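Read through the structure below, which is laid out as structure tokens, and then see the notes.
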């Protein structure tokens, strides 16, 4: 029997053995107190000396093989060298050790069969333990032995110790579970790494005017516009209204630029000589290193730039200089935050310029412990397998754990730290399947598959509490929502200054420039798209790359696309919010209709007290809100919030709606399906249009009270206002309020079923609907 979805998709609290507990003789490491301690046998192979020659020529191509039971790691080999230096570290997980002896063998690389040079054996019971912050173990020289135990010529410098994942050697070590990985590229792809997003700036180009342009056809008025290109971003101004050789625009163009600035801003002034034919009149290139940087809204100085034109003379490109100039105001905006994530779950809201940064308010620590029940993601040698790794993104810092090979229950036990500048931010943690174990892109352009992701909002975490939960990894597939496994995390948010953090709640969410000089919605959408493209391009060029598909999934690049499911979910969210207002209205209606006479009498008494002592109204409201808040404290959420399938309308989504959500843009579906979907969108849009129209109608009726569109209705309202003013001047306000209250709360026997006079009057007021086509 299938389990109910709310149980299957729920968050589970766990009690892991964090920090290794009190292990006898071991110091507890403070750096790794949010993860379970994992023991490793480390072997550092440094170098060898005086190795004997093995070939007929007496030369040697040495390498070292480190063997422990079934696990075998090898260093790189050197050509014809008797004193090689390797400086490589090997790590064997203690959980998987099935041998009692470690064997370190020096071999000579040969075409047919590698020759044995000598070996060093270690008994695992005699290997020392090291726990940071102890100093690293010093390597020693060991004499090589024959297989029978007799000493041979040559020595090997080694250090062998038992340690944990807090060891400095851990990130760069060759791991025993990487035996199936081929090549240096493949090994680089499975290591843990920290990445930094490039520093992004908004570039504002204010195109003012141009002077002394020389169009090729002087018999017509030039239709001139300016085209600006930065990297793969291209924007253009409108065609100038002044059709002369001195056109004016005064138009702003916005770009996203990333440090280090590699590409210049290229501006070209072009003339539209025919409907689809533009001719370049002149161009100039502006290196961004020399562009002014501004921190506020004070205008920067304008500058004139000379325009240049290239002409082809006898097959060679020659530059001709002439007196054409363009007048610009160009600046890098340091006062904005360059959005590369959706503002709903942004992990960083600081402005670009460091001078404007506030001090940090705390530290976020995340221990990526393990995963359970991961779905098989691919087949290897005829059997299903998953090679999982995690990526976490907060602020500009991205981290990637090592890949655990061939496991549906991987254990990472890696801990990472981030500085926090705003509590109302979100950390995103994604789990992926590594498809690049054979190194580089030899897998034929394979993409790393997404297993799922988790978002945690920092403001929902209590300070200094360690949250250990198992989060379901939920992914929406064309067949519906699917649980791909669970990820086990330990999260702690430590606050360094409570006053600073509380002060943050009074500050605007985005930097001031977003409010003083706001960007338009379409501008922000375009700029966000450019920013995500730049970040994914830069990170995919890192070594090893953090691939484009990973970055785009973590930044939710496709979340703005139309989805029937998401539209429904948002509609139900609105109804959920309005539900509170509706329920209060129903409760008040029951009071007015004396459904429960005792409650209605109590409301009358409270109403009388508040009318006689009006100064008690505000204190009573705030006291009531305080009591409600205290009452709800008992039911406060105990867990961090997580992906909710019911809220997302994912558990009961129609297959066709999911197919539409996963369709490409532009669509790749047959015409009859597109027609059906188009008709469906039209019907939904029609309903939305009606609701928006109804809201507009009510607003226009309010406006028409005094606009004399219906002269009789306005005359009635104006006379009513005059009478009401006179009555309120003469009568005490308390008496008016008392009469109104008792009238509203009157008994049902004094009520009529028909709508009230003010409501009838309001509904008869004219709106502008009758003017619409």
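Our numbering is plain: 1 for the first residue shown, then up by one each step along the chain.
Using the three backbone atoms N, Cα and C, a Cβ is placed for every residue, glycine included.
Please treat TrEMBL annotations as automatic predictions, because they have not gone through curation.
Among the features that TrEMBL reports, compositional bias 'Basic and acidic residues' is placed at 1-16.
Secondary structure of the domain 'C2' (22-142) per DSSP, as helix, strand and coil residue counts: 6 helix, 53 strand, 62 coil. The annotation domain 'C2' is assigned in TrEMBL to 22-142 (among others).
Residues or ranges marked as domain 'C2' by TrEMBL: 184-305 (among others). When pLDDT values are averaged over the domain 'C2' (184-305), the model yields 88.
Secondary structure by DSSP for the domain 'C2' (345-471): 7 helix, 62 strand, 58 coil. Here TrEMBL flags 345-471 (among others) as domain 'C2'.
For 1-24, the entry in TrEMBL reads region 'Disordered'.
For the transmembrane segment (571-588), the residues of the chain that approach it from at least six positions outside its boundaries are 647, 649, judged by C-beta separation under 8 angstroms. According to TrEMBL, the feature transmembrane segment maps to 571-588 (among others).
For the transmembrane segment (600-633), the list of distant contacts is 591-592, 594, 734, 737-738, 741-742, 745: same-chain residues at least six beyond its ends, Cβ to Cβ under 8 Å. The transmembrane segment annotation in TrEMBL covers 600-633 (among others).
Residues of the same chain lying 6 or more positions beyond the ends of the transmembrane segment (715-745) and with a Cβ under 8 Å from any Cβ of it are 591-592, 600, 603-604, 607-608, 611-612, 614, 705-706, 761. Annotation source TrEMBL lists transmembrane segment at 715-745 (among others).
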Structural state census, the domain 'C2' (184-305) (DSSP three-state): 10 helix, 64 strand, 48 coil
